[in-house]
Structures are given as C-alpha cells and as structure tokens.
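Have a look at the structure that comes next, please.
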Amino acid sequence: MNAFRFLGDMTHLFSVLVLLLKIYATKSCSGVSRKTQELYMLVFVARYLDLFTDYISLYNSVMKVVFITSSAAIVWCMRRHPQVRRTYDKEQDTFRHVVLVAAAFLLALIFNERFTFREICWAFSIYLEAVAILPQLVLLQRSRNVDNLTGQYVFFLGAYRAFYILNWIYRYFTEGHHSRWIPWLAGLVQTALYADFFYYYFLSWKNNVKLELPA
C-alpha cells in the first residue's frame, strides 16, 4: 500500500458514492449508462473471485465487498426500482456492450500471465475495465448536457485510474522494478479514453459553466 494506491481507491469509492447519491436523492438515473454499470459489476465479480479463498487484509476484503455490492445495487436500481427505472434512457444507451465483453474474454484467453481459470478471469476483468466506460461516454456525447453529479462521477472514475498509474510507476521504482504489463497497458488505454472528457470538464470548471460534450 502506498499513497497513490490509497488515493486511487478513495477516488474510486467516491465516484461510486456520488452515483449512488444521485440515484438516491433524485430517484433518477438520467444520463447514466446501465450498460457501463453492468460491465463494472462483471469486472468486480470476475476480479474478486478470491474474496473467500485468499485473505490479504481487512481493508482489501472490505473494498472488494463494497465494490461488488455497490455495483450490484446500482444495476438493481436501474432495472428494478419502480421510480428509477422509468428515468433510464434506453433509446440513447445503445452501445453494444456485449462486443466489449467478447473482446475482453478473447484477449484474456490469448494474453494472460498463466493459463488458469483465476488468471484468465483476472485478465478478463482488467481488459474489460479498460473499456467499460465507453457506453457511458457515448451516452453523454449523445445527450450533450451533463448534470453535475454525473459529470463528477465520470471525473472521479478517471482520476482513480490516473492515481493507479502513478501507483504502478511508484512500485516499479521502489519494489525492484515490479511490473505487470497487462494492467499497465489496459490502464493507459483506459486513461486515454477519458482525455476528451477531462478536457471539457476542465473548460466547464474554468469558465464556471455547465458541462457540455460535443456530439
């Protein structure tokens, strides 16, 4: 554990709390991609299969449980909550996320550190997380006007990944050139996907105007 890893975990957790706050306070999921949330739930389930077999620390176990349960709660609200599900914009959220799942699974079968069930699931979760935000970004571009809480949610998700890249760089120089190329590559791809959003987020903050993305 180091400061960058901790800050990454906290910004990730904060992004989830912001989204839960939006859904709970407004009883609305307008502007939120259910497909992205389903992808994240799949990411966490595949990555944390070791939750009941490998104990690392209380902090580690708690964070795993929080991310699995929170993602499941968000998906449940968007699918089943009587008020929330009526606000879901199905016509705009049309990204074919099954293609992302298939591509991530294929990459995991070909490029993994060991050809075992757990390692393939871990690699699958890394590849899928790198692109899981795509349906959300496409939805925001289609709707153009982004409400404050949704914008903050996406911003903190991007910040989480940026902190994790700093964590990997720190570990590389302090832990005998520790490196795992799969999360490095996937993390860089994931951060690059946020670049356009960060640019317009910064402009809206600088000019104190509502965040709008180009179509």
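Residue positions begin at 1 at the first shown residue.
For all residues, glycine too, the Cβ spot is worked out from N, Cα and C.
Pulled these from TrEMBL:
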- 1-25: signal peptide (SIGNAL)
- 58-77: transmembrane segment (TRANSMEM)
- 98-116: transmembrane segment (TRANSMEM)
- 122-140: transmembrane segment (TRANSMEM)
- 152-170: transmembrane segment (TRANSMEM)
- 182-202: transmembrane segment (TRANSMEM)
Please give the sequence-distant neighbours of the transmembrane segment (58-77): residues at least 6 beyond its ends with Cβ less than 8 Å from one of its Cβ atoms.
1, 9, 12-13, 16, 19-20, 23, 29, 34, 37-38, 40-41, 44-45, 48, 51, 84-85
Is the signal peptide (1-25) packed against any residues at least 6 beyond its ends, judged by a Cβ distance under 8 Å, and which are they?
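Apart from its flanks, the signal peptide (1-25) reaches 32, 59, 63, 66-67, 70-71, 73-74, 77-78, 84, 147, 149-150, 152-157, 159-161, 163-164, 166-167, 170-171, 174.
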Sort out the residues at least 6 away from either end of the transmembrane segment (152-170), same chain, that have Cβ-Cβ distances under 8 Å to it, and list them.
2, 4-5, 7-9, 11-12, 14-15, 18-19, 22, 32, 133, 136-137, 140, 179, 183-184, 187-188, 190-191, 194, 197-198, 201
